[in-house]
Every structure is written in C-alpha cells, then in structure tokens.
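**Student:** Sharing a structure below in structure tokens format, with a few things to ask.
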C-alpha cells in the first residue's frame, strides 16, 4: 500500500511541476478576454445569421412549389430533410470546435459558407435557365427540373444548411463560454433565444414578403447583405473573445472507458481510493472520493494494475486505464440520455406540423383586409413570435414570481414538462381547426380541384401556432440550460448541440412518418382537400400523450448533478 501511495504522491508532484505555469498563463489570458464586451459582437452575428436562415428556410416550400414545380407533399419532405440537416450539422460543428479548431475558426468558416450559399440562392432566383418553366399551381402538366437544375439546387441547399448548422449552436456555446457566472450564462442563453426568434421573425415576414411580392432575387439579395455584415462583425470582435484551445475529441475518452471496462471486466472492484487512477487537476476534490456506485461495471476502467505502469513507475491513460473523472463523465452521459430522448417526439411533431401548416395556409383565405395578403411561408412567424414573447415573459415575470411565491426556482425539468403539456394542447387545436377546414371544403365541393381556396380565414392557424410557440418557450431554453449544466465539462460544446441533434432526428423522422402515413392510410394526397390531415394531427396527439408519460418516468429517475438549489441536498428531480 505504501508503494501505491508513494506512486500517487509522485503523480501529484509531477502534475504540480508541469502544469502550474501553463494554468497561470491561461488564467491570465482569459481574465483579459470575454465578458459582456463580447455580447454585441456574438449576439449581433447570431442575429444576422438567424435573419438569413429565416429568410430562406421559412419560404423554401413555396419556392420549391412555385419555382421548381415540385409537388406539395414532396416539397414538405425536402424541406424537412433540409431543416433536419440544419440541426444535424451543429453537432458536427461542435465536435470540430471541441476537438480540432476551436470555436472562432469554426463559426467564421461556416458563416462564410452561409454567405456562399446565399449567393447561390440569389443566382438560382435570377437566372431562369437554372429553373424549369413556371406553370400554374396544381397543374398536371408542369415540367420537372432537369438533373442539372436539381444539382445546382441541392448544392445551394447544402451550402446553406452547412452555414446554419455550423454557426447556430456553436456560437451559443462560444457565447456562454465568455462568462464565468452561471447567472450570466443563463442571461446570455435567454438573450440568445430571444435574438434567434426575433431575427427569424423578421426573416419570416419582411424577407418572405419581398420574395412573394417583389422578387425572389431581391429577397435573397438582402440575405446576402445581412450575411456579409454578420461575418464582418464577428471577425471584428476577435480580439475581445475568450478563445479556449481545443482539447481533443471528448468522444475518444468515452470510447476508451468502454474498451477498458470490457477488457478488465473480470477484475473485482475494490473500495480503496488509492486503487483508482485520478486526474489531479487541482480544481476538483474527486480524488477524495470513490467512484460512484451507479453503473459500477464501468469503475474497473479506472482500476490501476501493474500492467498500466510506465517505465518511470507512473500510471498513464491508455485503452486499458482511464481516470475516474472520465468514467464519471460517461456515467453522466448515460444518465441523461433517456431524458434527452423524450425530446425526439417533440421535434418530430413540430417538424410535421410546421411543414403541413404551410400547405394549409395555401388552401385558405390569407387576406388581412381588402389589399394585404399574408404570404403562406410567413405563417410560422406567429410561432416564432409566441416563442420569443413567452421566453421574455418567463424570464422577466414568471420565474421571479414563482421564486417569490414558492421560495424556489422553477427547475429545468419543470420547464421542459410544462412545454410537453402545452405542446399537446397545441396539437389538439391543430386537429380541431383542420377538421373545421375540411368541413368547409366539403360543404363547398372543393374536393378534386387543386389550387382552389377554402372560404375560411387562415388566421385560425394562429391558434395552434401560438400555443406550440409558448410550449417551445418553455422546453427549448429549459433543455439547453439543463444539458449545458449537467453534461460533463469535456462535453460542454456538444451539450448545446444535443438540442440541435434532437431537432435533426425529429425533422429527419418527419418525412419518414409522413411517407409511412401516406402509404398506409392515404390521408396525405397532393391536394390536402381530398385527404384527412386532421387524423394525422390526432395521431400526433396520441403519440404526445404516450411520450409525456415516458418523460415523467425519466424525470422521476433523474438526479441533478450540477444544478444547485433546485430540490435540496439530494438533488432528486421533481
């Protein structure tokens, strides 16, 4: 035992000799950078890029139908795949930023890629040979795009998806990393989401109106200018940013823990602290404790053996030996994955609804007064506004009021749970309104006549859009805050991208579910007046109820690790 303790003391001394100067230098550099001075640069960049994304993504279905002669249901599927890519690429961007390049180069590069994509969009909108001849909506003789036209379109969509994906959540983590206090980080996240939705609202209205009523080329051209300004603004703030050097891929350590645990699976776990390999960072008291008892089969990965020693007698990380901290990081990830998975259906239902509601708007009376006609692609603005306003009300009024009345804060899980419930009510509203729309269509004998408008105001769609937006105001910021605080330090960047990954999975599942429902039931023909879109929404309601039950089970079993003062000393989730 004396030999083991002597070895452990030697490891401490070696760490003390090799790291203090480096840590002091890093702390000195970070003290001169970051803070609220970076806020206008990061938030301004995020605002501009979000406006651009809202300007092209919100009206993509209409662009495909009217300019590329794509059938309506096919256009919704393409849109969902594109939106899913917009949410999947942030995970890739986060991994690249964490492991190789750092945040600033990643955000700058993908902001430039976004600029190239918007230039391509402008070219496709202004050069007629890049699109098929225009024909009437609902016509059965429309010319489909050629392979070249499809190729240019898909390259354009890819560049823009990369631009959105590589910046949106990476810049969120970069922004939060400029602050040391959790309260400042929480305030940043609230403003991050407010800027996201407010900028998207401008894109959904002003840009879309320009595209529909002036020209697509001008609408996309405005996005090019906004993108260029955002890129320049971000680069100008470089000297103020706190730039954290990449630490290598955190997923490598996760893989090493699993491999080491498998290779040492026959070893018996001990209860002596000196038998385990700790990382002596000087910032953690982990070395004073044993590995936790949950998922104990992983603890052997940090168990020291003679075969793990180097020639100098010290232990070293390998595919046979990991630190206790790395083992605990993997355990934290395993604990939160079931809770994270409950958000998949939320994003799936939102993806299906957000694409189908555009088709509903195209078949309804969109006039607001005798002259003004709301563009179909702009109806999602009501969802965006509801989310932005609800976030503001929650942050400035609801949370302080709850804190004063209940003498405790509203926990992240409570915010997410409220979002689940509101989401269910929004889907019920969508089903009821669609039932009414179909009734009016049948009363006026509009079945089998593509392109005709039902004599029912499209403003009815504001009801479910608003309710779902309020739900998003609860569960999206709650999810981001929960993952950022609960994920291991080595996975902080990936933590914010986990919400984006949820959206990506949901949006990729949306066209798959849409195709499956159409194939089995026939509820989704090209002319939705001939279908049963209301049944699709009722199906989503049933799935939402089941998913909420699953969420309650996961929330009951989850224990907070890093979120303090929510539920007392135990940290038990509500």
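The backbone N, Cα and C atoms fix where each Cβ goes, glycine too.
Here TrEMBL flags 47-66, 78-97, 103-123, 191-210, 216-236, 339-362, 374-394, 415-433, 453-476, 497-516, 536-553 as transmembrane segment.
In the displayed structure, how are the listed features positioned relative to their neighbours?
**Tutor:** Residues 72, 74-76, 78-79, 82-83, 86, 111, 114, 118, 121, 134, 137, 160, 163-164, 167-168, 171, 195-196, 198-204, 207-208, 211-212, 216, 219-220, 222-223, 226-227, 229-230, 233, 355, 358-359, 362, 375-378, 380-381, 384 of the same chain lie 6+ residues outside the transmembrane segment (47-66) yet bring a C-beta within less than 8 angstroms of a C-beta in it.
Residues 342-343, 346, 349-350, 353, 357, 394, 460-461, 463-465, 467-468, 470-479, 482, 534, 537-538, 540-541, 544-545, 547-548, 551-552, 555 of the same chain lie 6+ residues outside the transmembrane segment (415-433) yet bring a C-beta within less than 8 angstroms of a C-beta in it.
Beyond the transmembrane segment (453-476), the same-chain residues lying 6 or more positions past its ends with a Cβ under 8 Å from any Cβ of the stretch are 193, 343, 346, 350, 353, 357, 360-361, 363-366, 368, 374, 376, 379-380, 382-391, 393-394, 415-416, 418-423, 425-427, 429-430, 433, 436-437, 440-441, 444, 446, 499, 529.
Within the chain carrying the transmembrane segment (536-553), a Cβ under 8 angstroms from the stretch's Cβ atoms is held by residues 339, 342, 345-346, 349, 352-353, 356, 416-417, 420-421, 423-424, 427-428, 430-431, 434, 517, 523-524, all 6 or more beyond its ends.
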**Student:** Counting only pairs at least 6 apart in sequence, do the transmembrane segment (103-123) and the transmembrane segment (191-210) share 3+ Cβ pairs under 8 Å?
**Tutor:** no
**Student:** Any chance the transmembrane segment (216-236) and the transmembrane segment (191-210) are in contact, meaning at least three CB pairs closer than 8 A with a sequence separation of 6+?
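**Tutor:** Checked: the transmembrane segment (216-236) vs the transmembrane segment (191-210), in contact.
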**Student:** Sort out the residues at least 6 away from either end of the transmembrane segment (78-97), same chain, that have Cβ-Cβ distances under 8 Å to it, and list them.
**Tutor:** 53, 57, 60-61, 64, 70, 103, 106-107, 110, 157-158, 161-162, 164-170, 173-174, 246, 249, 251, 347, 351-352, 355, 493-494, 496-498, 500-508, 510-511, 514
**Student:** Considering only the recorded stretches 191-210, 339-362, 497-516, state which has the highest number of Cβ pairs under 8 Å to the transmembrane segment (374-394).
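**Tutor:** Comparing 191-210, 339-362, 497-516 against the transmembrane segment (374-394), the winner is 191-210.
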**Student:** Under an 8 Å Cβ to Cβ limit, what residues of the same chain, 6 or more beyond the ends of the transmembrane segment (191-210), are close to it?
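**Tutor:** Residues 39, 43, 46-56, 58-59, 168, 172, 175, 218-219, 222-223, 375, 377-378, 380-381, 384-385, 387-388, 391-392, 476-477, 480.
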**Student:** Other than its close neighbours in sequence, what residues sit by the transmembrane segment (339-362), given a CB gap under 8 Å and a spacing of at least six beyond its ends?
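**Tutor:** Distant contacts of the transmembrane segment (339-362): 61-62, 72-73, 76, 79-80, 83-84, 87, 137, 374, 376-377, 379-380, 383, 413, 416, 419-420, 423, 427, 430, 434, 437, 458, 461, 464-465, 468, 472, 475, 479, 483, 498-499, 502-507, 509-510, 513-514, 528, 533, 536-537, 540, 543-544, 547, 550-551, 554-555, 558.
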